[in-house]
Amino acid sequence: MTAKNIRRAYHVIRTALHYGLDDLIPSKLTPWYFKLFRYSFFWLRNQHKDKVGGERLKLAMQELGPVYIKFGQMLSTRRDLLSDEWAEELAMLQDRVPPFDSAIARASIETELNAPIESYFNDFDDIPLASASISQVHTATLKSNGAAVVLKILRPDVEQKVHADLLLMSQAADFLETLLGTNNRLRPAEVVEDYRTTIEGELNLKLEALNAIKLRNNFIDSNALYIPYMYEELCFTRLIVMERIDGIPVSDKVALEAQGTNLKLLAERGVELFFTQVFRDNFFHADMHPGNIFVSREHPNDPLYIGLDCGIMGTLTEEDKRYLAENFLAFFNRDYRRIAQLYIESGWVSPDTDVAAFEQAVKVVCEPMFNKPLDEISFGHVLLELFRTARRFDMVVQPQLVLLEKTLLYIEGLGRQLYPQLDLWQTAKPFLEQWMAEQVGPKVMAAKVKQKLPYWAEHLPELPELIYDNLKMGRNLSKNQNNLLDRYLKHQQKAHKSNYLLITSAILVICGTILINQDATLWPSYGSIGTGIALWVLGWRSRPKNRKI
């Protein structure tokens, strides 16, 4: 770690302690060396004991800046992990940052273009149209044809700042994994890795441009969705240039009503667009919050959505799509055993799961929903409750399904905001039933069999030998499996503990050295170094032996 990273880590830890985030970890889970580190080097008191945990976490992330704010926003959509109260607190985080200097923006744009701005654009506006934590947007007109465009440029040094904070998040997640154990429901390392994938995708504007081009082509003749044109020859990793659109923010219901927009049709089209993207195209916009969705000012009786910011897109495998569609249909048929079987067949939960227990857990969660009329049942909350239940049965995190659930919640919330009487089931059921018929109908099955026949014919003679070899391998494997697994887990536990002690000792020694160089008070400085050396010795002695497992 560089000195800059250590200073950032120190600031993150101080902020977390200032808001009492360490108090949220049960004391029985915190080892003695964590408490020693906390009270020997950080003597801060929790200044926010009067606030609930979710609010404290929100305030800490707000203070830590854009990368943590976006992480909090992502966590707010993970209601399979967090309670509704915590999720609602984090949802209030706002990605608002002041714009950076227009001279820096100009220089960055010219670096990407490898030419002066005036070579490509007229009327470049130095005042940004919008500014966020990752990028900034300016308007201009194309010199070649006079078209109105917007230029989206990454903030200076944003990549280095993001990667530095991601490193700290990963280390914090590993520490929490050590405290909480391998069977914890939160799985912080997986959550941080999911966030890493998302935010690193947002750092590649060329990928956003390619996503937008693909989505635009999928709906090129649609009367429901319009994606602005991307000038691909002017799109790079740190800069993209696209058509400028004129629309009404979808959240501005007053303006939509004022122009006579058919809100019922607009809400229904939003649901249809979601299912079309997921099941027809297998490529869906996964960041459809109101800031990225506009409505055309033309043809209010035949409303047209305009979609922006295609940095985060989702895809599903054919199996995922089929299991998802069957899940929804099984839910509305109140076939809870089929839901349990689908989760096992799909591999989302272990094949060793007790089907009867899983079925009962699903029934307990889902059956009360039918006390409401069908048009009041939320698809997103059905999926959310099923995920929450499955996590109790050790469901493996499926990032693509998390994106889908988040998007579905956005779409539903948006649809019911536009038209409170929206009946999602009535809109979606015909689509799902038609798609299922197309996937599992006799013609489709016959076509799949015909496609596979040459392969099966070629490999059929090998089948008896393969069966025998697999049975023999299974017998041999079962003899050693339990012993190997036990030894491996013990080895990993020792390695995690040793690594944590060694990393903590290094941080303590370096921080103590920095404090001495800054003429800080001697006792915490030398105390930090002494504690660091002691922890290093413990970590070195507790490391696992270098031998085969």
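Heads up, the Cβ atoms here are built off N, Cα and C, so glycines get one too.
What you are looking at is a predicted structure, and each value in this text was computed from that prediction instead of being measured.
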From 394-414, 520-540, the residue range that Swiss-Prot assigns the feature transmembrane segment: 520-540
Which of Lys143, Lys152 belongs with Leu129, Ala130, Ser131, Ala132, Ser133, Ile134, Ser135, Gln136, Val137 in the ATP site listed by Swiss-Prot: Lys152
Of 162-182, 498-518, the range Swiss-Prot labels transmembrane segment: 498-518
Recorded ATP binding residues, Leu129, Ala130, Ser131, Ala132, Ser133, Ile134, Ser135, Gln136, Val137, Lys152 - maximal Cα separation rounded to whole Å: 14
Fewest other Cβ within 10 angstroms of its own Cβ, chosen from the binding-site residues Ser131, Ser133, Ser135: Ser131
Packing count at Asp287 (active site, proton acceptor) (other Cβ atoms within 10 Å of its Cβ): 21
For Leu129 (ATP binding site): DSSP state (helix, strand, coil): coil
Intrachain C-beta neighbours of Val137 (ATP binding site), sequence separation six or more, cut-off 8 angstroms: Pro128, Leu129, Ala130, Ser131, Val150, Leu151, Lys152, Ile153
Leu129 (ATP binding site) CB neighbourhood, other CB atoms within 10 A: 14
